Amino acid sequence: MERTGGSVLWFTGLSGSGKTTTAERLHRQFLDEGRPVELLDGDVIRGVLCKGLGFSRQDRLENIRRIAYVADLLSRHGVTVLVSAITPYQEMRSYLREHVHGYVEVYVKCSLDVCAERDVKGLYAKAMRGEIAMFTGISDVYEEPEQADIVIDTQQHDVEWNARRIVEWLQQRCAVELASNCIAASREMPGHGVAATAESGGWHASYQAGDRGTTAMQNVEARLGPGGMDAREQASDRAMTAGHGASASPGTGGLSTLADTPRRSPVDGEHG
């Protein structure tokens, strides 16, 4: 069945990795295109929805639940949502993948040393002096994502390159999903062409399936290549893999400490 609604681009990474910078760049682009879009910044939400929460593991989990609730609600109403939040634990990200409609995990990769160099707030220095407890990357763990849908490296590429890569990924996913829907429909009516023009996660595409759906399959394979990527993107990914890693296939899951509670919303601010 065709997935409708908006995508939730969830940017996870260390403080200073470039999550908010990338999300803000995409936010401006989507607004210019007239797309319904909202930016949920972890620091801002901590001061609004998450007052009173600290940085213990349980408080961080609750923080993420609260943001997730808001993001999921917006997505189901057709809004593209950009979330910038550290989200340091795999438990959180598994919960998000299971409970947030249109969830796309974007790992913003950057070394701890470079993040500390970029720190204009002096938080890393304070954490290293022991003045801030439970600071992600120093006194608390950041569990590096192993199943991110998209990986961008802000040490290797600038914000424009990374934003373009994310948009291309969304467009390719939309094309593959809609082609699959078109092919499935055509197979239910052998000998008849079926047209599909629709929206998937807020991204538009259209396909025409010929007899038994073969035309649509050939079209999408010719355009995107095996696995849904065109030759240029495959070459780009091979280069990224050689240099600093590539995006992995999405996973599912959710641990009981999160999944046993009603869907709320999360936020993990830049302060760890």
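Any Cβ shown, glycine's included, is placed from N, Cα and C.
What you see is a predicted model, and the numbers here were worked out from it, not measured in a lab.
If you look up TrEMBL, you'll see GLY13, LEU14, SER15, GLY16, SER17, GLY18, LYS19, THR20 marked as ATP binding site. Residues or ranges marked as compositional bias 'Basic and acidic residues' by TrEMBL: 261-272. The domain 'APS kinase' annotation in TrEMBL covers 6-153. Annotation source TrEMBL lists region 'Disordered' at 225-272.
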With a 10 Å radius around each C-beta, find which of these binding-site residues (SER15, SER17, THR20) has the fewest other C-beta atoms nearby. THR20
Ten-angstrom check, please: count other Cβ atoms within 10 Å of the Cβ of GLY18 (ATP binding site), all chains counted. 26
Quick check on the binding-site residues GLY13, GLY16: which one has the highest count of other Cβ atoms within 10 Å of its Cβ? GLY13
Measure from the Cβ of LEU14 (ATP binding site) and count the other Cβ atoms within 10 Å, all protein chains considered. 26
In sequence order, which residues at least six apart in the same chain have a CB under 8 Å from the CB of LYS19 (ATP binding site)? PHE11, THR12, GLY13, SER84, ALA85, ILE86, VAL108
